[in-house]
Amino acid sequence: MVLIRVLANLLILQLSYAQKSSELVIGGDECNINEHNFLVALYEYWSQSFLCGGTLINGEWVLTAAHCDRKHILIYVGVHDRSVQFDKEQRRFPKEKYFFNCRNNFTKWDKDIMLIRLNKPVSYSEHIAPLSLPSSPPIVGSVCRVMGWGTIKSPQETLPDVPHCANINLLDYEVCRTAHPQFRLPATSRILCAGVLEGGIDTCHRDSGGPLICNGEFQGIVSWGDGPCAQPDKPALYSKVFDHLDWIQNIIAGSETVNCPS
């Protein structure tokens, strides 16, 4: 009887550990500290609350989602563990903010992209480096990497100190049109559809603005999804970086005639 009780207690402990482990992330793991040197963290200035992720694309510019915009934003570069006191040299402010079509009138299928010019350039280091813009459009079927400090539980919100990373699949745009009829997505759009149709892996609240990296290239910006996160047959939507390349590159080059593209 004693042996049976011991075995029963061990089984209970194993089941308890398995349940806790499955709740640690929405299908991902903690990112390696050397894996995300281009990932930036956006905070609301007055409340000091974490808002979104973003991507450093050169020493002076960051790409994120338009819906992450606030009147007063702090941007931190070279961050891994958010519980560690930030160095003042990691902190930047927006000098200029640009929105596609010059207006913050994004939708679930268009214009959810914001280009931020930092108040001063960053110095590259082991943990601070840019992610290159794509040289070609992404290929459906690609395995893509997502990362961020977004919630690791859904629908409850639990924000981790260290960013989490996961692999998802780039899907045909029609998959998202079928999966999200409530969004009334148009036949064509400047967005990407990505996720795991079996469920269990997904970006979620406050991962917004972070990168979707396919075959080593910065192809998407975390934009919209359904809640709770990581449901089967509910992939998420990502702003397509490649379709905004001309706009991005011309603004960075200082052209004033392309700030409001049609």
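The backbone N, Cα and C atoms fix where each Cβ goes, glycine too.
Values in this document were obtained by computation on a predicted structure and should not be read as measured data.
Database features (Swiss-Prot):
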{"type": "ACT_SITE", "residues": "His67", "note": "active site, charge relay system"}
{"type": "ACT_SITE", "residues": "Asp112", "note": "active site, charge relay system"}
{"type": "ACT_SITE", "residues": "Ser208", "note": "active site, charge relay system"}
{"type": "DISULFID", "residues": "Cys31-Cys165", "note": "disulfide bond"}
{"type": "DISULFID", "residues": "Cys52-Cys68", "note": "disulfide bond"}
{"type": "DISULFID", "residues": "Cys102-Cys260", "note": "disulfide bond"}
{"type": "DISULFID", "residues": "Cys144-Cys214", "note": "disulfide bond"}
{"type": "DISULFID", "residues": "Cys176-Cys193", "note": "disulfide bond"}
{"type": "DISULFID", "residues": "Cys204-Cys229", "note": "disulfide bond"}
{"type": "DOMAIN", "residues": "25-253", "note": "domain 'Peptidase S1'"}
{"type": "CARBOHYD", "residues": "Asn105", "note": "N-linked glycosylation site"}
{"type": "SIGNAL", "residues": "1-18", "note": "signal peptide"}
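The shortest Cα-Cα distance from Asp112 (active site, charge relay system) to any of the disulfide-bonded residues (Cys31, Cys68, Cys204) is found for Cys68. Averaged across the domain 'Peptidase S1' (25-253), pLDDT in this predicted model comes to 92. Cα to Cα, Cys165 (disulfide bond) and Cys144 (disulfide bond) are separated by 10 Å.
The disulfide-bonded residues considered are Cys31, Cys52, Cys214, Cys229; of these, Cys31 has the fewest other C-beta atoms within 10 angstroms of its C-beta. Annotation for Cys68 (disulfide bond): same-chain Cβ neighbours under 8 Å, separated by at least 6 residues, are Leu42, Leu51, Cys52, Gly54, Met114, Ser208, Gly209. Within 10 Å of the C-beta of Asp112 (active site, charge relay system) there are 27 other C-beta atoms, taking all protein chains into account.
For Cys144 (disulfide bond), applying a Cβ distance below 8 Å and a minimum sequence separation of six or more within one chain yields Pro138, Asn167, Ile168, Asn169, Leu170, Ala194, Leu212, Ile213, Cys214, Gln219, Gly220. Checking each of the recorded positions Cys31, His67, Cys176 against Cys229 (disulfide bond) by C-alpha distance, the shortest gap belongs to Cys176. Cys193 (disulfide bond) sits 23 Å from Cys31 (disulfide bond), taking the Cα positions as reference. The two recorded residues, His67 (active site, charge relay system) and Cys204 (disulfide bond), have Cα atoms 14 Å apart.
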